[in-house]
């Protein structure tokens with residue numbers, strides 16, 4: 001058994017190591033600077049109490065993006081030096097973010113241990129490669145992202161760090177082969193266990209969903225299916241679940257080989273970046289591929305996000321979570337005993353609110369960031385939650401879960417088609433959504449993203465909008481000047497959240513303008529980009545009249561869009577005449 005000593009390496013703080021909503025994300029060239037990664041990892045160890053580190057087991061894996069291999073080896077060596085007893089690594093360093101959460105919560109190691117936390121190496125939906133993004137975040141023993149108290153402490157430590165601990169001479173571990181490698185150090189034996197990345201997660205999915213019912217659906221000749229992993233880590237799980245377990249043809253999988261640069265693409269499952277899937281589903285500009293599949297879905301780099309499509313039909317994430325919640329008890333065995341409650345992020349449309357009211361469920365509106373849902377789940381008051389940024393999930397783990405959302409939709413389709421196994425007239429994705437609108441009304445919804453805007457201009461825009469809120473008569477003069485048919489603004493504020501579980505308060509979570517007819521305009525600066533600022537504008541309008549729920553959303557929302565752009569002086573502050581992405 002190889003032995004190692006602990007080295008103390010002198011270092012100096014780097015500016016800007018403040019974790020955002022999902023960890024620290026920077027360009028690879030920033031992370032590759034001497035001591036940069038080590039400073040952040042040591043600051044994380046120092047922010048955690050000894051009982052969470054000494055003699056404990058940690059998970060270290062990620063989405064396979066460029067720089068992951070080096071980072072995993074560094075974190076293994078630093079874990080050994082900081083008194084960790086065992087490190088678990090997914091084979092090839094791969095684990096989806098929801099799978100990491102499942103592994104922390106469910107897996108038992110060869111030595112009988114359970115994990116007390118994880119370093120997840122991902123920048124989620126951001127591009128990968130030598131000139132692109134890398135990221136790291138820490139998840140706690142509940143499987144969820146570190147709470148603000150911990151991330152604030154990590155940041156504080158990064159500003160004062162003087163040294164880090166590392167087992168320099170520990171040889172690199174072969175992470176392509178499953179098995180345990182053991183070393184001897186000052187605190188005794190240190191193990192690195194490389195394990196099958198899919199096993200724990202697949203077992204969990206099989207305990208939640210009726211795989212036989214989904215298999216029957218996929219065997220209907222007229223039910224065609226397409227899944228695009230955008231060369232992210234989801235591909236590993238897609239092959240195992242959709243092909244091996246559920247019997248789908250391998251030809252129904254697109255871009256399911258993980259690549260460190262995501263094939264040169266942008267692994268963000270939306271109508272702009274998932275071009276190949278969008279074309280195949282009949283939603284592209286050209287429609288030369290014949291009849292589209294009945295169901296399509298896509299994932300982001302670390303497989304926590306999802307996009308759901310029907311044939312020539314896009315399901316908004318806000319509608320998706322509402323439809324899953326409305327059908328969960330009937331269609332998904334895990335929820336057969338009823339839902340504890342539901343929650344959405346503030347910018348997400350109020351479609352879920354209407355379902356909660358209709359079904360008499362507890363309902364919560366939280367800031368953007370999955371950790372807020374985790375608190376509600378740990379308290380046993382939330383079963384299903386979602387956010388407009390293509391994140392949907394439930395209390396089976398403490399992260400959003402892209403493949404879970406796809407299986408939820410397949411379960412609903414299987415349930416609606418259970419008496420229709422010859423597939424003569426399938427109940428389609430579009431049918432399910434339109435039936436939902438007929439029952440609950442429709443929330444027309446769109447999001448405008450202005451990416452990599454000058455940070456100064458973005459901050460000025462937000463400050464201007466806050467100041468404007470103090471004079472609603474001025475606001476309504478601007479509104480009516482743009483479009484007389486738009487309802488009056490009756491309230492405007494900056495969203496603030498008091499956590500009902502731990503009492504913590506989160507301020508400055510987005511600027512809201514609320515209209516008399518239930519419409520909303522929301523402005524936020526995003527915390528997930530690696531440079532510049534991203535301004536997000538959310539526009540929502542509720543339509544109860546079922547005869548008016550079939551309009552094109554961009555057409556229905558045009559008056560409100562015009563109001564939002566004028567009200568915010570978007571072009572003046574951002575320097576952009578149009579958004580980077582419209583969803």
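The backbone N, Cα and C atoms fix where each Cβ goes, and this holds for glycine too.
As recorded in Swiss-Prot:
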REGION    1-20  region 'Disordered'
BINDING   25, 124, 304, 305, 368, 387, 389, 400  alpha-D-glucose 1,6-bisphosphate binding site
BINDING   124, 300, 302, 304  Mg(2+) binding site
MOD_RES   124  phosphoserine
ACT_SITE  124  active site, phosphoserine intermediate
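Cα separation, residue 368 (alpha-D-glucose 1,6-bisphosphate binding site) to residue 302 (Mg(2+) binding site), rounded: 18 Å. The separation of residue 302 (Mg(2+) binding site) from residue 400 (alpha-D-glucose 1,6-bisphosphate binding site), Cα to Cα, is 10 Å. For the binding-site residues 25, 124, 387, 389, a Cα to Cα distance of within 10 angstroms from residue 302 (Mg(2+) binding site) holds for 124. Nearest neighbour of residue 300 (Mg(2+) binding site) by Cα distance, taken over the binding-site residues 124, 387, 389: 124. Of all residue pairs in 25, 124, 304, 305, 368, 387, 389, 400, the annotated binders of alpha-D-glucose 1,6-bisphosphate, the farthest apart have Cα atoms separated by 20 Å. Taking the binding-site residues 302, 304 in turn and counting surrounding C-beta atoms within 10 angstroms, the largest count is reached at 304. One residue stands out among the binding-site residues 124, 368, 389 for having the most other Cβ atoms within 10 Å of its Cβ: 124. Ranking the binding-site residues 25, 305, 400 by other CB atoms within 10 A of the CB puts 25 at the bottom.
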